[in-house]
Amino acid sequence: LKCLGATSIKTIPSPHPSLDDSLEGDLQNFLIDESQLHTYDDLTKVNPVTTTTVLKCLQARYCARVFYTHAGCTLVALNPFQPIPQLYSPDVMKEYHSAARPQEFKPHIFIVAEQAYRNVQGQVEPVNQSLVVSGESGAGKTWTSRCLMKYYATVAASRSSQKAQDTVERIERRVLDSNPIMEAFGNACTLRNHNSSRFGKYIQLQLNRSQQLVGASVQTYLLEKTRVACQAPGERNFHIFYQMMKGATQEERQEWKMPAAGQFLWLPNADRTLEEDCFEETRAAMLHLGVHKEVQGQIFQVLAALLQLGNVQFSCPPDESQPCELQEQSKDFLQNAACLLRVPAEELLSCLRVRTIRAGRQQHTVMKPCSQTECSMRRDCLAKVIYAHIFDWIVAFINQSICADSSSWCNFIGLLDVYGFECFHQNNLEQLCINYANEKLQQHFVAHYLKAQQEEYAAEGLEWSFISYQDNQSGLDLIEGPPPSVFSLLNEECRLNRPSDAKQFETRLEKALSGKACVSWDKLSDTPHFTVSHYAGQVSYQIEGMVEKNKDLVPPELVLVLRRSQDALLHSLFSENNQEQSDSKGHSKVITVVSKFKGSLESLMRVLHSTTPHYTRCIKPNTDCRPLTFKKEEVITQLEACGIVETINISAAGFPVRIPYPSFVKRYGLITLSKISSVSNGSGSEDERDTLGSAVRHVLRFVTPGQPLDPFDPSEGRLRSTQVHCGKTKVFLTHAMLERLEIERGRALACRAYSIQRCWRRYCHRKRERQRRAATLIQAGVRSWLTRREILKWQTAATVIQRAWRTWRAVMEALADAELDDAVDIEEVTISLPGSPIPVTRPAQFPQGQPVVVQNWPIGLALASFAATSVAVTSSGFQKLVSLMACLQLSFRRIDYKVETNQFDQGVASIRAHPRQSVKFHLQRSPLLYADICPEQKADGISGFNQILLEKT
């Protein structure tokens, strides 16, 4: 589709009033609310389904600017002929891709693309997918294919590492860049379409195990190379020639000898400007794919030579034995063509005017001049063969650039974009092959969706009223069937070594095909032709020139000249390795056009049969390509031709989903709690089928309790289920039933996932607990070791400290004892104090009533010298006072006191006295060297040192 922008919708009145009248009558009878027709997003909802009601529904949606509509398992796309960028934006792509159920969204080509992509993700057999886009020329097939490629390039991107994402993005860009190149070299403007594909292509998007786009490959079919030298009135040549003519720079025009005002016979309608005439886009895409500017220059130079070659004209010679003469105005064009092809002009002219004939058993070479018609044919043949080789080289280069290694991808999604059904004023071999390809695709569609469905219903025991459909097998038998057929007669005529005669071949065709129902003859016409009744209508094919086109022979003189070219590209294209093999006699093997095309098409059909197809029917609303214009007659013809109505009937009344028992059990067996997912061993025996059938019914009864699963239930007299039917080997489902199964499967998966998560969390918790306990033990051991090591250090240090302490204390005691021993002897006086029970020895008599300064004597001895009743002690400082009181062991509550010293423990008599007078002491610094050191502090008071040592005053 290309679409949107107009502000009004034009409905072209039908030339047949009866059609409109019947439409109104049908709508009044079958459609209750005509204003709601545009809301039907699926044509199966229109009841009853007829061509008229379907047409009316499509027209209503088209007028509401809704261009996509489901038709059962097919998507119908109407071409508005105007761009609608907001309908295909990246945001819309992501919306459809991220949706849980995109089927609930509005119909869109992205739904078909997403369904195919999810089939690959779910590995639903067959895993590989094919998207078949069909329709008439100008219906929008090329645009639809382009949108599909952009969609997959967007959703199949890598979400992992940055390096992987960059690689995938590079591949995606190359895949997308192949589009403008293929369209430039393979599309042209025709009477029915401005961008008509003049070749068929099957693009294979390669996906890895993670469903990421890793590569692609392109396979082409039947390029219409005759368009290079022959264009119908009102049509144009391939886009690339007009792109060169309008987009080349001044230097390139001089190099390619293409002046802006130049006139070329093979470039008609050059004044028309189309959006496809974008030379820079084509060159940028080629550069991104790896076609360097030098190679691009070689390609464009050869294409410019073809335009020069088209202006070469010949005139008849006066003598038939002489070669044709070159017209005067053509000499410069021939010289330019030879210069651009880099071949000698004389050799180029000679190979166009003279042909070589081998005669006799000795294969003698005879040079024979060509007639004027033959010269023109050889010129056209040279242009066609050069263009075909360049096109094939570009396709091969694209595949080399974007194709991934076979080991890196495992699945693919194929996009088939082929030429639509064609019927022109003059139809020849190209139109016959194109319409034959459409007949094959229509047969595949009929076989897959119509005939196969109905026959499968009957084979599985489902009662079904067969719907009549249009089977085109008879038309295919006429074209390609066993002899006699059109293709077989054409090939046989080509193998005969004689000049072809159109009238004679027509007679032969009429005689051989007289019993065929799909062919007719117009005996009143002077032009030899035959008419074939295709599925889309009758087409008359001209016989004149058909045999020559089928031979597609290239004179050896032309190939020899191209091999001698100094151009590297031409030399490689026409090297001996690239040419067709010859037989033992040296003659080239005749491989006709129809034989090659039939072989490649059969290969394509084998691929389609091995994949899951998804059909998109493109409808052309009008023949004039006018925006948003709906012609009823044009649309109704296409609806009848493509079998849309029959598809809707079967899809609406039947079961569009069919799943074999093993696949059903494998996917949905986990819904039930019983272990039934492993019941199939692949033997296919009767017991296995019964086991699978019971397992399937068990699952279905679990999902739909109380509903019958067979066509009829005689026991209860209930009719068959309208949503599910268990056949002999398959389960038939509606989309609604499939959604219910998927919901139940999702619940079962969620439940099992929850159980797995619980087990995993329990395992992780236990593992963490074990690790924690182990870490605790390790930590405890380490701490114990560290503690033991620290204690050992402490013990060692304590031992050292104790040893030092004992040594120091012993030294201090020794020093103190030495100082006391060195004191001056004091005269001992025995004094009898009143009330003293025992005599007290005192050192000397002190004057009474006067302060006495005690320097060296112990305090106890000093106090013993007084008989006074009271003692006054003066001390400065709280610590000194406390020390003194501790030495005297004074009690604040007792009147008397008692002093005991260590000296008396050593043999000195105790001092017990009741002082009668006051005694005052003035304490001074002790003369002892170590009097201010306290080596030890005991719990019972002050040590002996403090008893004799005085603090500072």
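Cβ coordinates come from backbone N, Cα and C, glycine included.
Since this is a predicted model, take the numbers as computed values, not measurements.
Residue ranges 26-48, 601-623, 693-715, 900-922 are listed, and TrEMBL annotates 601-623 among them as region 'Actin-binding'. Its own atom aside, the Cβ of LYS141 (ATP binding site) has 28 Cβ atoms within 10 angstroms in the protein chains shown.
With helix defined as DSSP H, G or I and strand as E or B, the region 'Actin-binding' (601-623) counts 9 helix, 8 strand, 6 coil.
Proximity of SER137 (ATP binding site) to non-local residues of its own chain (separation of 6 or more, Cβ distance below 8 Å) is seen for THR190, ARG192, ASN193, SER196, TYR419, GLY420, PHE421, GLU422, given in sequence order. Sequence-distant neighbours of GLY138 (ATP binding site) (same chain, 6+ apart, CB under 8 A from its CB) are ASN79, THR190, ARG192, ASN193, HIS194, SER196, GLY420, LYS620, THR623, CYS625. Using a 10 Å radius centred on the Cβ of GLU136 (ATP binding site) and all shown protein chains, the other Cβ atoms total 26.
Cβ atoms within 8 Å of the centroid of the Cβ atoms of GLY135, GLU136, SER137, GLY138, ALA139, GLY140, LYS141, THR142 (the ATP site) belong to the same-chain residues ASN79, ASN193, SER196, GLY420, CYS618, LYS620, site residues excluded. Taking the binding-site residues GLY135, GLY140 in turn, the residue surrounded by the fewest other Cβ atoms inside 10 Å of its Cβ turns out to be GLY135. This prediction places the mean pLDDT of the region 'Actin-binding' (601-623) at 90.
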